[in-house]
């Protein structure tokens, strides 16, 4: 088998667990998470589209986050589920390239979008009277397009370089999807310079949105501290708490993957962290926003109450 793949352009994905004792159980767990994640994000998108009270900049940006999460989880999990049921965990060279490009585009787009969502919360709390002007529809569209374009630039820059290296040895990727560090380990040439440049690129992409988030929430905390009204403080914290939770989860995993030195990484740790932000995070994001947001919960109850009456 190895001799065949040395002359092939296909790769073999070893999976989240190389030799799982209970693949059926892992399949059931991952498939359940996948269904919940896709359903929760699609429901969130539909609620924001249907309920007129959710036609605000904050929920418009949130709907884009749900779209990114839906596409994001669909890039890796269906292939992972297929491999759990199949003995041949093969992915073509084109399929691996497409997976890398979409993964980079969406994770980069989510980096920028979460940063812009923090700016939206800053304007809402610190400049409420100017909010309709500073967050009008044109600016919101510009933010969303900028997030998608910024993420796609990352994909267009890194994907061609990654896949241009010769892979003349083993074709076994010790991962459940084509993540760049795992793919580069199969290259038969020195990739250290490219990995250093890629590391710098990823750090830069993290620093820009993290700076926006840090400045925005510092200004928000100062504004909340000066508030005399306890009700005003409660509303401000309610407005920002969901976003802070999502940012902490997503950037925590991204920090480990892209910033920590190689000495802290092992294939097993990398796969666990990757599973966390490619499988669990897309499920947690809509649940955090729906469970902690009265407007979303009210819109959901309103839609559910219509179903029996329409029948």
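Quick reminder: no glycine exception, Cβ is built from N, Cα and C everywhere.
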Annotated range (TrEMBL: transmembrane segment) out of 176-195, 196-215: 196-215
Mean of pLDDT values spanning the domain 'G-protein coupled receptors family 1 profile' (40-289): 86
